[in-house]
């Protein structure tokens with residue numbers, strides 16, 4: 001039997017996705033190796049994006065959005081099952097000791113998006129009696145909350161079961177069967193299971209199935225209980241201290257956590273781990289030393305190098321990733337479920353997903369070994385090794401492309417030359433000027449029918465627009481044009497706002513204004529900009545799918561004149577950087593890719609060449625060579641010479 005969707009992993013993330021997909025009418029199967037071992041059972045259930053002082057803007061936004069979903073989401077689950085999730089909007093108190101007063105100040109300065117309040121020593125001790133004597137103040141985060149993580153896991157399982165999700169516990173997935181960029185089945189300890197689409201939500205075990213940089217981070221915890229002799233709950237809000245948190249439950253239990261240990265899958269609690277927790281907790285809230293201990297336990301959180309999750313598309317078109325949530329799996333469950341379901345069912349890719357794509361780790365690689373084994377040589381000749389698997393795709397707004405070269409349709413001497421060049425370039429994205437096609441401008445007659453749009457992704461552009469308002473109108477026309485050509489789900493737009501007729505430099509203010517509106521309307525916006533790092537960051541923050549800084553003025557063929565600024569943009573961007581405009585030769589294309597650009601858009605240099613098709617092929621090869629050189633990592637530049645052969649031990 002072939003299912004619609006198979007979810008690999010039965011923790012909170014996998015189950016949340018399963019419930020959301022089932023509510024949207026799909027047939028869902030969950031494969032779970034060991035439900036009690038899921039990281040959810042080893043968490044504390046804090047919903048604490050403010051107390052955690054998250055500095056990454058995209059992660060902060062993701063966490064805030066997820067926290068805002070919690071009241072309605074848990075209510076829906078409770079209605080489905082009749083069970084209680086233990087959701088409690090109790091707020092979080094973060095006491096500090098002498099010298100820690102600046103802790104939390106970043107949240108306070110956050111433009112009022114999520115409030116935080118400083119409490120002086122007298123106030124905090126009055127607000128929460130029983131704090132340690134050396135607590136000198138603290139921050140109050142009223143919008144943070146908690147949920148009973150173990151109850152939530154049980155409720156999600158019950159909700160999935162009641163909705164008709166096929167739940168399979170005790171199933172070990174041993175491998176993914178892959179053919180031609182697709183997963184065609186999963187090999188399990190009970191046989192092969194097939195589906196149309198697959199979701200990887202295996203948490204700390206993700207690396208067993210794919211070469212993803214997800215590692216286990218062990219966390220030890222314990223639970224104490226408020227004695228019955230204490231008539232009322234002494235704690236009614238979470239205490240968030242330095243490397244310690246204390247989470248009271250309404251059933252009179254109190255969770256104390258958690259260590260963070262990079263020890264692989266080493267099991268069990270340790271005396272050192274428990275001692276560390278008890279010392280930190282008793283210093284923060286001394287009366288805990290008299291409470292009876294109920295239990296100890298441990299679990300494994302899925303950590304990535306940047307401690308951010310991996311969400312969205314993978315190297316296989318029908319495999320979606322949802323892993324690496326580290327400390328925030330419980331918090332991010334509702335937003336992860338919503339975004340993944342939107343992507344799979346509605347083919348909608350939230351711009352925020354691009355920040356958490358797996359390919360970000362390839363950008364960080366400075367070297368990739370090229371020849372590491374004698375198998376790379378045959379009859380004395382070097383064989384070309386394959387490119388790194390995880391670098392095989394360019395991801396824009398959740399859509400995968402193998403080619404990193406985009407081309408255009410303007411300036412060709414004939415439709416035939418344009419068709420030949422598009423094929424020779426190997427490109428998968430072709431940009432089209434909406435206004436010129438609509439008005440059948442010279443050179444654009446019959447353009448819509450000239451290319452095979454079942455193989456090429458159209459990138460409508462707003463060329464010719466001088467104001468933000470004009471660009472927004474043309475973008476809407478472009479979306480409809482793509483639909484007429486069979487690309488119903490195409491929400492891409494190359495945003496150009498260019499009032500300057502001589503140098504054709506984009507208007508930064510108009511571009512930002514148009515981008516903000518188009519993102520709100522659900523467009524994947526690819527803005528053409530001056531090589532301005534500050535503008536690039538602003539456009540990323542408003543949700544653009546890429547930024548497209550110019551190398552030099554459009555059609556000038558001057559090459560890379562903005563290298564320093566493009567490097568800054570690349571170093572700071574968490575969305576793809578596409579160098580656009582001004583590249584005139586393959587050497588310049590290669591240079592741009594060697595800087596670390598994710599892709600190039602080249603039109604004039606191809607269309608105006610004496611042999612456009614040959615130039616298109618040359619640009620394709622240069623793009624690939626530049627990307628490979630970037631991944632390989634160039635040798636360091638030295639002031640003085642360094643001989644390749646030994647300068648000692650010569651024959652005299």
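Note: Cβ is positioned from N, Cα and C throughout, glycine not excepted.
Of the residues 555, 626, 633, Swiss-Prot puts just one in the 1-deoxy-D-xylulose 5-phosphate site with 581, 582, 603, 604: 555. The annotation in Swiss-Prot ties 52, 327 to glycine, and of the candidates under consideration, 24, 33, 67, 301, the one tied to the same site is 301. On the 0 to 100 pLDDT scale, the region 'ThiO' (1-366) averages 92 in the predicted structure.
Note: the CA-CA distance between residue 326 (FAD binding site) and residue 301 (glycine binding site) rounds to 5 Å. Here the binding-site residues are 603, 604, and the one with the most other Cβ atoms within 10 Å of its Cβ is 603. Put simply, 327 is the one of the binding-site residues 327, 555, 581 whose Cα lies nearest to the Cα of residue 9 (FAD binding site). Across the structure, residue 5 (FAD binding site) and residue 603 (1-deoxy-D-xylulose 5-phosphate binding site) place their CA atoms 40 angstrom apart. Closest to residue 52 (glycine binding site) by Cα-Cα distance, out of the binding-site residues 13, 330, 555, 581, 604, is 330. Taking Cβ-Cβ distances under 8 Å and a sequence gap of 6 or more within the same chain, the neighbours of residue 13 (FAD binding site) are 201, 203, 322, 323, 325, 329, 332, 333, 336, 337.
Here residue 17 (FAD binding site) is positioned 41 angstrom away from residue 581 (1-deoxy-D-xylulose 5-phosphate binding site), judged by their C-alpha atoms. The Cα of residue 327 (glycine binding site) lies closest to that of 45, out of the binding-site residues 17, 45, 582, 603, 604.
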